[in-house]
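Asker: Pulled the feature table from TrEMBL, pasting it below:
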- 161: active site, proton acceptor (ACT_SITE)
- 266: active site, proton acceptor (ACT_SITE)
- 24, 134, 159, 294, 296, 319, 321: substrate binding site (BINDING)
- 189, 217, 242: Mg(2+) binding site (BINDING)
- 140-238: domain 'Mandelate racemase/muconate lactonizing enzyme C-terminal' (DOMAIN)
Ligand SMILES: [Mg+2]
């Protein structure tokens, strides 16, 4: 069963609320769709969104990689060589992890459709999922108000963005802690906004006042692995690597040197599900639990990430709220408060295309 055609398209999706982190403020996203057609007419779809400040990919570069080297690597190839095709996508060019993720997702979609099962079933499990809700970085009062609103709506996990104007971070945590119940733990994400010493000082202070922090994501610059290790070694709170880990090789290095306690896997960084599975397996062998996260992406690619997370026993934290920030109605994923459900139909969306 041969791959007969591969096509791409692009759309803009506005956010209903600006998304603020230490790295950027987003008011809209672009999503690039790739569709892989088999000779029998069956089609599989993948998507990717660019994040200049993290992956370095743009809409134009994603589309160019998909229509250039990636297409060349898998066009006219037999889908029965599924694993080899996934590897061919990874080897088709250097970098371009978002474009590779889109193609990898589309291949997983069409292959699970061809098998006649939902993607999570192809991957082998279905654990129930509930997402955290992100509180964008802002002044302490505004963040406390947002946190209160989402807890009122039933969310039991909040992800608090910090690291922009770090001198406000303690006040942010104190303001949020004041309005939400103590049993709700906070996950912090500094998005590389702290220096190693600043991170240790802030986290030790949070520990001293029992601020109820579950873990802290990416305290320092992505490439400052020594700084990351300094933080991990000098605080009790678990430290999660996000921007420091793209590939399985990155994960291997972080795990082997114990640079962090936890890993945040995102398909746009890993280049898709194939590498995400390797990272999750590698981490499991070394007793390092993982979170599934996403960039600001469409519900379709976040849905693909949710299929992967539902199927892997070492993915135990879920950060899948990006689609709730978009004006486009979610597809693939259904949200009931923090509960996330997936379609039980074939492939990723369960809908014919
Ligand atoms: Mg993060």
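Cβ from N, Cα, C; glycine included.
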Asker: Restricting to the binding-site residues 134, 189, 296, 321, which ones have a CA within 10 Å of the CA of residue 161 (active site, proton acceptor)?
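Answerer: Final answer, ordered: 134, 189.
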Asker: Using a 10 Å radius around its CB, how many other CB atoms surround residue 134 (substrate binding site)?
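Answerer: Its Cβ shell of radius 10 Å holds 24 other Cβ atoms.
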Asker: Measuring Cα to Cα across 24, 134, 159, 294, 296, 319, 321, which the record gives as the substrate binders, how far apart are the two most distant ones in Å?
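Answerer: Roughly 18 Å, rounded to the nearest whole number.
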Asker: If you measure from the Cα of residue 321 (substrate binding site), which of the recorded positions 217, 242, 266 is the nearest?
Answerer: 266
Asker: Can you tell me which of these recorded positions sit near ligand 1, meaning the Cβ is under 6 Å from at least one of its atoms: 159, 242, 266, 294, 296, 321?
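Answerer: Near the molecule: 242.
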Asker: Within the domain 'Mandelate racemase/muconate lactonizing enzyme C-terminal' (140-238), how many residues are helix, strand or coil going by DSSP?
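Answerer: Its residues divide into 50 helix, 13 strand, 36 coil.
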Asker: When neighbour density is defined as the number of other C-beta atoms within 10 angstroms of a residue's C-beta, which of the recorded positions 24, 159, 161, 266 has the lowest density?
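Answerer: So among 24, 159, 161, 266, the recorded positions given, the one with the fewest Cβ atoms within 10 Å is 24.
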Asker: Take the mean position of the Cβ atoms of 189, 217, 242, the recorded Mg(2+) site. Which other residues of that chain put their Cβ within 8 Å of it?
Answerer: 159, 188, 190, 191, 216, 218, 240, 243, 264, 293
Asker: To the nearest whole angstrom, state the Cα distance for the pair residue 189 (Mg(2+) binding site) and residue 296 (substrate binding site).
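Answerer: Given the Cα positions, residue 189 (Mg(2+) binding site) is 15 Å from residue 296 (substrate binding site).
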Asker: Looking only at C-alpha atoms, tell me how far residue 296 (substrate binding site) is from residue 242 (Mg(2+) binding site), rounded to the nearest Å.
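Answerer: Residue 296 (substrate binding site) and residue 242 (Mg(2+) binding site) have their Cα atoms 14 Å apart.
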Asker: I need the nearest neighbour of residue 134 (substrate binding site) among the recorded positions 217, 242, 266, using C-alpha distances.
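Answerer: Nearest candidate: 217.
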Asker: Per DSSP, to which secondary structure element type does residue 134 (substrate binding site) belong, with helix, strand and coil as the options?
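Answerer: The three-state answer is strand.
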